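Taking it in order: structure first as structure tokens, then the write-up.
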Amino acid sequence: MVFNRYALITNCNHKTLGLYYLWFSFLFGIYGFLLSVILRTELYSSSLRIIAQENVNLYNMIFTVHGIIMIFFNIMPGLFGGFGNYYLPILCGSSELAYPRINSISLLLQPIAFILVILSTAAEFGGGTGWTWYPPLSTSLMSLSPVAVDVIVIGLLVSGIASIMSSLNFLTTVMHLRAKGLTLGILSVSTWSLIITSIMLLLTLPVLTGGVLMLLSDLHFNTLFFDPTFAGDPILYQHLLWFFGHPEVYILILPAFGIISHVISTNYSRSLFGNQSMILAMGCIAVLGSVVWVHHMYTTGLEVDTRAFFTSTTILISIPTGTKVFNWLCTYMSTNFGITHSSSLLSLLFICTFTFGGTTGVILGNGAIDVALHDTYYVIAHFHFVLSIGAIIALFTSVSFFQESFFGKTLRENTIIVLWSILFFVGVVLTFLPMHFLGFNVMPRRIPDYPDALNGWNMICSIGSTMTLFGLLIFK
């Protein structure tokens, strides 16, 4: 009985820890989503609505915390931590992960990191820097509360330590605890997605850690790494951040690829079309995704040759990504086109939204076009189509598909589940599709006010956000 009471801090079973990851992801995600509802409530009409003129920095603080929570505390614990912990040992034929106690510690670090990030909102001005924490704003003692930046950075360092421990755990399990005769070549796409994600985390997280530690030392110890007055370079920080920041996008979406591949293959009783090419495509995405970080920085005064190189490599990523979409559709086309399960419907919705988000990414990857669209709502629409719709739908797909394993019972495949799927999908599309048009009208992101001419599109976005909220309320 005592152990049941303290199961969170005493249990080392990989399935139990995976479920805890999913619950944490769900709870943290609700908090982050409600912050986005506040943003859309503010933006439903021009002029300031619910945020007072003298407290407009609250808007900056809300979108900063929203971004950090949804990336580091919703999608990563859900897809990488939850799905990975629960199913990686099973897919490898192992009874347990290599280091169960380290696995337990990495889980316990997640709520600690979350609380630290939330504490930043209690500071006088909050840490309204955006989730990218660009200097000189984040290193200025004049405009923000230094303690808010401190707790955000420390929270992210704690979260990074947890992610690195999980990655080492997964890789060690795959390399040394596989079932006899199960070679790397015959591992499933889902397993390979977690292997590649773990490798990317191990290669890129140390760079982010170095960058934010330099940021902290600039803030408190006068090191002047990023102060151009004393021969520092704020662009150096952008390189360090985005060297992690762009692979992070693929770290978030690769486990989703594994889940969707598994769901489509199992629901339709078909082996995945081009199974080995799917694994190769994920490897290509990981390699190319690690050398395109400068496409976030086209407006920082790059040389033409540099922009040409990063434009080419960015657009090149569409080839392996297109391979994956093609193979998913070919697997689906070899069936009788039926929707056998709610997870089948969700996986098809994922393919549609991910394809659309990837198409807008090809447009943004062009160095000439991005100069016009940089920091507009077009960028927000692009990455929310891939992450907010794509990765989150993949998370719901996994919960729907593995519900019997996770919860010990199966929900009835009744009308309300289909209605929820459609309501949620229509809500998020209605939220983010009009943002492309706002971007073409050059509405800048991170600004709480805008011209009256843009009222129509913004009102549609806010209606979509409300629909999504109602959709989540009926999610079982």
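In case you wondered, yes, glycine gets a Cβ from its N, Cα and C as well.
Record check: Swiss-Prot places His295, His296 at the Cu cation site, and the matching candidate among His220, His239, His246 is His246. The stretch with the most CB contacts under 8 Å to the transmembrane segment (240-260), chosen from 61-81, 309-329, 379-399, 415-435, 455-475, is 379-399.
Sequence-distant contacts of the transmembrane segment (345-365), counting only residues of its own chain at least 6 positions beyond either end whose CB sits under 8 Å from a CB of the stretch, comprise 253, 256, 260, 263-264, 267, 292, 295, 311, 314-315, 318, 321-322, 325, 328-329, 332, 339, 373, 378-379, 381-386, 389-390, 393-394, 396-397, 400, 418, 421, 425, 428-429, 436. Other residues of the same chain near the Cu cation site, with their Cβ within 8 Å of the Cβ centroid of His246, His295, His296, are Trp242, Gly245, Val292, Trp293, Val294, Met297, Phe310, Thr314. Here the transmembrane segment (379-399) sits against the transmembrane segment (61-81); at least 3 CB pairs are under 8 Å, leaving out pairs fewer than 6 apart in sequence. Long-range neighbours of the transmembrane segment (278-298) within the same chain, counting only residues 6 or more positions beyond its ends whose Cβ lies under 8 Å from a Cβ of the stretch, are 189, 192-193, 196, 199-200, 203-204, 235, 238-239, 242-243, 245-247, 249-250, 254, 257, 261, 272, 306-307, 310-311, 313-314, 316-317, 319-321, 323-324, 327, 364-365, 367, 370-371, 374. When the alpha carbons of His296 (Cu cation binding site) and Asp375 (Mg(2+) binding site) are compared, the span between them is 10 angstrom.
Remote same-chain residues near the transmembrane segment (194-214) are listed as 80, 83-84, 88, 133, 153, 156-157, 160, 163-164, 166-168, 170-171, 174, 187, 223, 225-226, 237, 240-241, 243-245, 247-248, 250-251, 254-255, 258, 282-283, 286, 289-290 (criterion: CB distance under 8 Å, separation of at least six residues from the stretch ends).
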